[in-house]
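S.K.: Structure in structure tokens, see below.
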There are 2 protein chains.
Amino acid sequence: MPSTTRPGPAIRTLPEPAGLPEPLPEPAVEDLRLETVLGALSDPLRLTIVRKLLLESEAFDHTCGWFGLDRPKSSLTHHFKALREAGVTRQRQYGLERRSHVRVADLEARFPGLLALVAAWTPDES
Amino acid sequence: MPSTTRPGPAIRTLPEPAGLPEPLPEPAVEDLRLETVLGALSDPLRLTIVRKLLLESEAFDHTCGWFGLDRPKSSLTHHFKALREAGVTRQRQYGLERRSHVRVADLEARFPGLLALVAAWTPDES
DNA sequence: TGCTAAGTTCGATTCTGTTCGTACTGTGTC
DNA sequence: GACACAGTACGAACAGAATCGAACTTAGCA
């Protein structure tokens with residue numbers, strides 16, 4: 001049992017820099033479910049996204065386009081939404097763009113070590 | 001890249017106690033894929049199975065029946081097979097019974113910390 | 001004002017997984 | 001030998017997820 005189970009009524013956001021746009025709807029830290037997060041990460045494309053965010057950025061948010069994924073936009077919307085709704089990423093709307101970053105602190109608090117596995121992952125080289 | 005990528009033609013089994021029945025077909029350690037393992041673990045019933053194996057046994061193998069799962073046999077066969085084919089569990093045939101245990105060493109070698117998350121998991125209490 | 005670009009929404013299709021009934025297989029026992 | 005029992009195999013029904021085209025929304029800009 002995580003000791004963070006009872007911080008009262010679901011807090012949705014974390015203290016982050018400042019004056020940023022509101023994050024799009026996402027599960028609160030204490031509502032993160034292992035099975036849901038694992039499900040979101042059980043897809044190579046989404047692993048690619050999260051790993052790229054972990055390794056090649058972490059400065060700050062990135063747009064869909066930044067990833068250079070060769071898929072139609074509607075497919076990307078789908079996957080980014082899946083990641084966000086599982087609680088893996090946080091998305092913010094900056095004008096036209098929707099930028100994402102990994103909820104490192106939240107995930108590390110609830111599932112320590114999980115992100116390290118994602119960072120160490122390599123796509124199937126077959 | 002895992003450094004264990006080229007031990008020649010896939011070795012299928014590990015040195016275990018002795019004179020045990022051959023394990024049913026399973027992926028070799030170096031063929032374990034994160035996305036596949038996560039997919040296998042993204043199901044509450046299978047998380048229950050693996051967690052129970054980790055916490056309440058680890059002495060040695062257990063039959064399907066031992067888990068006391070309230071599902072038809074054909075469903076259980078399906079889930080146990082999914083776990084085995086993903087490389088999470090190893091199964092051996094003992095006469096009539098098919099017994100399972102978690103491939104702790106293999107998983108720990110490839111995905112360190114993952115099993116700890118499963119052990120810490122609790123079913124949705126809603 | 002009207003274009004362009006980022007991304008969404010919707011809906012259709014396809015794929016994959018789950019669930020489970022029924023029939024089957026093989027071992028041990030009386 | 002015949003029965004019970006653990007578990008599989010097969011196949012159908014269903015559910016949910018992936019994929020993606022097409023039409024839409026909206027901010028910024030010329």
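Cβ coordinates come from backbone N, Cα and C, glycine included.
TrEMBL entries are annotated by machine, without manual review.
Not measured: the values here are computed from a predicted model.
Sharing the feature lines straight out of TrEMBL:
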{"type": "REGION", "residues": "B:1-24", "note": "region 'Disordered'"}
{"type": "DOMAIN", "residues": "B:36-116", "note": "domain 'HTH arsR-type'"}
S.K.: Just to be sure I understand, if DSSP states are collapsed into helix, strand and coil, how many residues of the domain 'HTH arsR-type' (B:36-116) fall in each?
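M.R.: Per-class counts: 46 helix, 14 strand, 21 coil.
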S.K.: So what pLDDT does the domain 'HTH arsR-type' (B:36-116) average out to?
M.R.: 89
